[in-house]
């Protein structure tokens with residue numbers, strides 16, 4: 001009956017009657033709903049059930065192989081990007097390539113037979129969206145591979161995706177305008193009127209069929225039953241009833257943290273209800289997929305392009321790429337309002353942007369965003385989130401996350417993001433307590449389990465709880481195939497700091513000798529693991545960082561002739577790791593004071609040697625600690641007098657850089673932080689000078705380890721200044 005989307009047939013596609021088209025349209029909507037349900041299972045930590053649903057659908061005659069392939073590709077993409085493991089990335093790439101090819105075939109067939117499955121858009125539009133989505137995700141995996149050949153292919157894919165997304169977005173805007181005009185004029189279009197079934201005197205409207213039915217179709221019981229089934233599938237998905245969980249409304253909180261869970265009302269509601277007023281219950285499945293897919297893909301694409309360093313950005317602009325961070329964020333926010341996988345991926349992207357370890361919206365660079373004048377906007381919907389709200393979404397982001405926590409109670413991924421949000425607000429103890437509330441051994445998705453343990457370890461070092469942080473990190477050696485070298489080095493740095501705290505009398509422990517032994521063993525053997533258990537063909541940026549650090553430690557030990565290898569380590573390396581993961585913005589005053597004490601009062605032969613490069617790292621970190629403690633001028637003076645002169649000067653009005661290689665990440669970072677000092681000291685009046693410092697940071701152009709991380713942070717800060725000047 002529904003052989004329209006069968007693949008492999010060479011014969012010419014015959015013309016279809018309206019009845020055949022109606023059946024094909026309903027089958028398409030059904031298969032898309034089935035795929036959306038499968039992907040939601042994965043977001044609730046039940047990938048096996050989701051994949052089983054797709055297998056079941058694949059086995060049926062004339063199922064929509066295109067959406068099934070994309071759904072499988074999205075699942076594998078999530079697994080690959082959460083864990084960055086070679087085999088997972090390879091598998092996801094192959095599936096997404098298949099989805100690309102199937103999308104083009106399906107689009108062509110839908111256009112040939114005139115299959116109008118949307119009341120707004122021309123035939124085949126939904127497959128243009130599946131194509132761009134699979135293309136974009138595939139391109140991102142190619143970029144992550146760090147192969148020059150794959151990166152070149154990725155640019156071509158991104159270009160195709162970019163232009164098709166622009167085309168679809170314009171179609172959406174035009175359709176929305178036409179719809180508003182029809183509503184205003186009161187005119188009706190039979191081609192966009194939902195189908196009505198009549199049975200036993202009752203009427204049922206199906207929004208999935210965008211035209212009037214023939215008298216025979218209106219009385220077709222099989223057709224009616226199928227349309228009602230799709231309506232039921234959609235209603236259950238929108239309320240969260242489709243994946244076997246109890247009503248989400250009973251888990252919906254108004255605040256973050258464990259205490260808010262305990263404060264939930266005891267009386268339970270038995271009916272499933274939608275959690276947001278933004279959800280449109282009358283929207284057809286295909287239209288919903290088109291809207292959310294385009295908003296998500298074009299939004300993420302624009303944000304990523306806007307954050308790329310100037311050198312890459314200039315190349316992309318030549319081939320037609322333009323990225324607007326604000327417009328991109330608005331589109332991603334729009335996607336989050338849809339109760340489907342696009343909304344969830346959009347929320348994960350926003351959580352990474354606002355509360356991830358890199359925090360592109362730096363807490364210390366709290367410039368108020370300029371409010372954009374939207375009075376002359378052609379599309380008021382595009383302006384519903386103004387600049388200040390985009391910069392600091394606050395409660396809006398919290399509520400979006402809490403909805404996902406309620407909808408997906410079995411998934412540690414959403415709990416992890418809540419913990420990250422708590423950590424971003426400086427509520428570190430609460431973040432650890434929340435992560436401790438779940439048994440990590442019961443997390444099914446291995447990549448999420450690894451992330452949970454890693455994030456907890458990072459949070460623990462911000463709390464100076466190094467023993468437990470080291471245990472967590474070392475446990476990842478048996479779980480994750482990411483960088484075993486970094487895990488080992490990280491744990492060694494934790495034990496080193498514990499040993500130093502024992503030496504300073506800040507910590508009483510009978511394990512002091514054990515800490516010393518473990519620190520020495522783990523730090524200096526970590527480099528032996530480089531190139532092993534890593535997802536790329538070459539070492540990760542953090543791996544290259546480790547190699548350089550350990551070589552420095554060994555060289556200093558030989559230079560000083562000390563017996564204890566730990567005496568060859570000056571500035572405690574765990575504080576560098578804390579900076580990379582935004583620790584200084586998250587520590588309480590108590591922990592900042594302890595950090596300052598450890599950086600300034602511990603003594604050993606390497607520190608007393610006053611090595612210029614080691615002093616630079618120490619002074620940079622001390623200056624940031626002072627700024628967070630409120631001693632802004634004192635911190636700025638240290639940066640100006642002890643850090644910047646070692647690699648930067650202004651001669652005859654021109655900037656001069658002294659190229660150094662000892663700690664490459666530190667030099668552009670110091671210039672970036674100097675911009676933040678100017679902002680803290682001078683406010684809005686200092687923004688022009690802040691921008692000068694940021695441009696100098698950007699101008700320290702070099703391909704150094706962590707350059708992508710530092711470069712994107714600098715670029716985001718420049719954009720913020722530009723919007724406020």
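Glycine residues also receive a Cβ, built from the backbone N, Cα and C atoms like all the rest.
The phosphothreonine annotation in Swiss-Prot covers 196. For residue 196 (phosphothreonine), the number of other Cβ atoms no farther than 10 Å from its own Cβ, over all displayed protein chains, is 14.
The annotation phosphoserine is assigned in Swiss-Prot to 246 (among others). Residue density at residue 246 (phosphoserine): 14 other Cβ atoms are found within 10 A of its Cβ, drawing on all protein chains shown.
The phosphoserine annotation in Swiss-Prot covers 377 (among others).
The phosphoserine annotation in Swiss-Prot covers 380 (among others) and is backed by a large-scale study or a structure entry.
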> Rounded to the nearest angstrom, how far is the Cα of residue 196 (phosphothreonine) from the Cα of residue 246 (phosphoserine)?
Replying inline: 32
